[in-house]
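Okay, so here's the structure we're looking at.
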Amino acid sequence: AETYFCTPIKIDPTQEYYVTAFEPNATMNTAHHMLLYGCEEPGSDNEVWNCGEMALAQPGISSAPVCASGSQVIYAWARDAPKLILPEGVAFKVGGKSSIQYLVLQVHYASVEKFKDGSTDDSGVFLYYTETPQPKAAGVLLMGTGGRINPKSVEYMETACTIDENKVIHPFAFRTHTHALGRVVSGYKVTRDGIIDNWELIGKKDPQLPQMFYPVANELTLTKGDTVAARCTMESNRDRTTRVGSTNEDEMCNFYLMYWAEKEVLRKKTCFSLGPPFYYWNRSGLNNIPDADASSLPAGSSAQEQGIAAHQI
């Protein structure tokens, strides 16, 4: 239980490929979630290795990070999310002279019950690609936090980063990820007008729904000086403190922003904060915070209202 396994594919360094769609080949009854990383170098030369952040020793299996260098998330799947097709003309460039020379699939197995009889697993992702160069480059900004959630409490886990590159970013999809305590995950574009911050919603979802990439709520762009902010509203009825980590005893707060840009994507791939009790939006200089909007959902859009039970991790 709680195994994270990685397996790599080396891409032809003489040919550039343009990935335009991702089709998961997995069910939540087998795999808890999958992440597809682009790497300059993989974390190991082995066919399979143990790649959890808090990796437990596996007999006969070496432990190593997902990537040795150049790590970036390009696709994520959980809770029976469907196929993802990128907008027309948008693609992830891999191989050739790109920064992605390897694709590494990470699969998290929360439970191993179905493998105790010797059964094996073929969970994975089908990639759709073309060798024809595409005009728009796809990228993902992964936002997340550390921190902890106190017993019997509602906690805001927040992060924010300012764009510091001279590029115009066009968000087109977002994905939320928590474990069982997440109720709402929201992301915003924040711009300052004088001394007042203006908040424009990028997207928000109940993370207990299928954790797919959803279309953004508003068509917008991000440019140098804009801030991207994300919040996970967590509700704990537990008698113990819950900390950020990789197991079912832990929590996570992630907001994935998928975007396209002309020619080149952001050099910055991640935006993490220490989380509670050390980091909050209102302590980082942000103001005019939309507290109610960031932690609420439209009527009928929560997993509970749709009859979907919270998953265990």
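All positions are counted from 1 along the displayed chain.
Note that Cβ sites are derived from N, Cα and C of the backbone, with glycine treated the same way.
Taken straight from TrEMBL:
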- His32, His33, His108, His177, His179, Met252: Cu(2+) binding site (BINDING)
- Cys6-Cys51: disulfide bond (DISULFID)
- Cys39-Cys67: disulfide bond (DISULFID)
- Cys161-Cys271: disulfide bond (DISULFID)
- Cys232-Cys253: disulfide bond (DISULFID)
- 2-115: domain 'Copper type II ascorbate-dependent monooxygenase N-terminal' (DOMAIN)
- 137-283: domain 'Copper type II ascorbate-dependent monooxygenase C-terminal' (DOMAIN)
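For the recorded positions Cys6, Met252, Cys271, the ranking by surrounding Cβ atoms (within 10 Å, all protein chains) places Cys6 first. Each of the disulfide-bonded residues Cys67, Cys161, Cys253 was scored by the number of other CB atoms within 10 A of its CB, and the lowest score belongs to Cys161.
For Met252 (Cu(2+) binding site), the disulfide-bonded residues whose C-alpha atoms fall inside a 10 Å radius of its own C-alpha are Cys232, out of Cys51, Cys67, Cys161, Cys232, Cys271.
In terms of local Cβ density within 10 Å, Cys232 ranks first among the disulfide-bonded residues Cys39, Cys232.
Looking only at the domain 'Copper type II ascorbate-dependent monooxygenase N-terminal' (2-115), the predicted model's pLDDT averages out at 88. Counting only same-chain residues at least 6 apart in sequence, those with a Cβ under 8 Å from the Cβ of His33 (Cu(2+) binding site) are Ala76, Trp77, Ala78, Arg79, Val107, His108, His177, Gln211.
According to DSSP, the domain 'Copper type II ascorbate-dependent monooxygenase N-terminal' (2-115) comprises 3 helix, 58 strand, 53 coil. Within 10 Å of Cys67 (disulfide bond), counting C-alpha to C-alpha distances, fall none of the recorded positions His32, His179, Cys253, Cys271. Ranked by CA distance from Cys232 (disulfide bond), the recorded positions Cys39, Cys51, His179 have His179 at the top as the closest. Comparing Cys253 (disulfide bond) with Cys39 (disulfide bond), their Cα atoms are 23 Å apart once rounded.
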